[in-house]
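Here is what TrEMBL says about this protein:
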type	residues	note
DOMAIN	B:2-117	domain 'Response regulatory'
MOD_RES	B:52	4-aspartylphosphate
């Protein structure tokens, strides 16, 4: 039981650190509030789906970045999806990076 | 109260579905505007439609216009990540009853539900 409470404390500290470092925002707390007895693993399920979806998007983005010339419209569309998902789960830093990426797309800035 | 979630993003679908579940609202999920129109054509009715703006095949603006043309009187709440006022206006003018920026929260959804006028 001692080990269990230790693990709980470690998880709580890691969770808080993600908020403190700006990786997560209040939207993540919203997800935690949606977890209930009928859906006890909701947060885990959403985050798992997010990772799977993001991995697929990132693979598409990498493929698109390999093409020449760059198709900025396609890249912008992928980033719109990625930003949307990240924002929905409270992924603050990822969302900000996506926004920056989209600015570069709009400016046709391949170097960025 | 019954609702239809219209969104192509799987993460959004899961979150909106659970948001409605938690409020005790029976809901169905579809992946684009065309599917939303088709489910209404099949005779199904919903008190509330949560309509995403950007979707493949048929987007939220077109789908909202089509549903209104079909005579659908349900409360349609547009949900979008676009913050430009012109884009918002275009979506609202398609026939929305309400509009919220993503991400949806419990508070935003409670506000939407309080505006449901027509019971399907």
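Along the chain as shown, the residues are counted starting at 1.
Including glycine, each Cβ sits where the backbone N, Cα and C put it.
The helix, strand and coil residue counts that DSSP assigns across the domain 'Response regulatory' (B:2-117) are 49 helix, 25 strand, 42 coil. Taking a C-beta cut-off of under 8 angstroms and a sequence separation of 6 or more, residue B:52 (4-aspartylphosphate) has the following same-chain neighbours: B:6, B:7, B:8, B:9, B:12, B:60, B:79, B:80.
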